[in-house]
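Here's what Swiss-Prot has on this protein:
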- 1-21: signal peptide (SIGNAL)
- Cys59-Cys80: disulfide bond (DISULFID)
- Cys103-Cys140: disulfide bond (DISULFID)
- Cys182-Cys204: disulfide bond (DISULFID)
- Asn203: N-linked glycosylation site (CARBOHYD)
- Cys237-Cys264: disulfide bond (DISULFID)
- Cys277-Cys317: disulfide bond (DISULFID)
Amino acid sequence: MTPASRPDWCLILLFLAVLRGESRYIQMREAAEDALFLLNSDFKRELSEGQIYRRSLRCIDMLSIEGQFTFQADRPQLHCALFLIGEPEEFIIIEYNFVNIDCIGGDILKVFDGWIIKGEKFPSSLDHPLSTMERYTDICEDGDVGSITRSSQNVAMIFFRVQQPGHGFTLTIRKIPNLFPCNVISQSMNGRFTMITPHQHRNCSFSIIYPVVIKIFDLTLGHFNELQLKKPPPKGCGDAGDFVELLGGAGLDPSKMFPLADLCHSFHGSAQMKIGCDNTVVRMVSSGNFINRVTFEYNQLDRQLEKKQGNSVEEACFPSD
């Protein structure tokens with residue numbers, strides 16, 4: 001990871017730490033302008049049935065709960081971003097209740113279907129049905145007050161620039177069920193997930209933004225049987241139309257990550273791998289000819305213990321000492 005992109009990545013990790021509920025209140029300097037975030041699960045449960053949660057937005061912010069959110073500039077804000085994340089089985093709905101920005105004067109309010117940081121996208125261009133430009137919704141050009149945008153996965157992002165103090169906007173964020181989640185960023189460093197593609201020709205990536213131990217318990221691809229590590233020269237699964245691969249890297253975009261293992265054969269049992277990368281991705285490629293299914297469990301990896309244990313692949317992301 002480049003030094004320029006490291007602060008952005010650390011900010012994402014800090015946001016996700018808050019969402020996990022490690023701290024009920026956390027104060028972020030500079031980037032979040034000393035914002036206090038109340039985003040953990042205990043706070044969600046405190047909201048009574050039917051009550052709408054409301055709060056102000058900061059220039060750099062992140063949301064994991066439903067509610068109505070307002071940004072009002074107290075000074076020119078030129079480079080702002082709002083990260084939205086839901087549970088793996090959720091789509092995000094964004095409704096524009098009130099918009100008071102100067103589009104002609106250079107203000108911006110754009111929604112991106114996914115996350116994008118320093119040009120790296122999730123889902124990657126290989127895993128999303130739309131082109132990069134089609135994934136943007138420009139409220140200044142395409143949207144009206146009352147219009148609605150829906151994400152294609154459990155994450156979305158809003159970019160905005162508001163130059164005039166007192167100007168801003170109000171959004172309502174809702175979640176709706178996604179019966180067959182495809183591309184996912186996990187809020188947690190620990191969990192279990194089953195990815196299913198029912199006769200659909202698409203690629204799906206599950207991203208875990210932590211070093212983790214991955215355990216794959218079950219894989220059904222409609223053919224064969226084996227797990228093979230990618231060691232040069234790899235045989236790989238390139239000729240298979242249906243396979244699962246494990247990726248690791250230091251950025252957001254799965255297409256720019258290291259291929260660590262191919263799984264192109266069905267198996268039932270348990271296969272484990274330790275991945276010492278900042279970001280770990282389980283990616284399923286499906287031809288649409290089968291009902292493909294993979295179940296896996298992930299837990300945060302202790303970097304002090306990862307060397308010389310099992311099938312550690314730490315060297316794929318961190319040079320050896």
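The count begins at 1 with the first shown residue.
Glycine is no exception: its Cβ is also placed from the backbone N, Cα and C atoms.
Annotated features, which come from Swiss-Prot, shown on the structure.
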residue : record                      : Cβ contacts under 8 Å, 6 or more apart
Cys80   : disulfide bond              : Cys59, Ile60, Phe71, Phe159, Phe160, Arg161, Val162
Cys103  : disulfide bond              : Leu109, Cys140
Cys182  : disulfide bond              : Pro123, Asp127, Ser152, Gln153, Met195, Thr197, Arg202, Cys204
Asn203  : N-linked glycosylation site : Leu126, Asp127, Arg283, Met284, Val285, Ser286
Cys237  : disulfide bond              : Phe243, Glu245, Asp262, Leu263, Cys264
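Cys80 (disulfide bond) falls within a strand segment according to DSSP. Comparing the disulfide-bonded residues Cys59, Cys140, Cys277 by how many other C-beta atoms lie within 10 angstroms of each C-beta, the top residue is Cys277.
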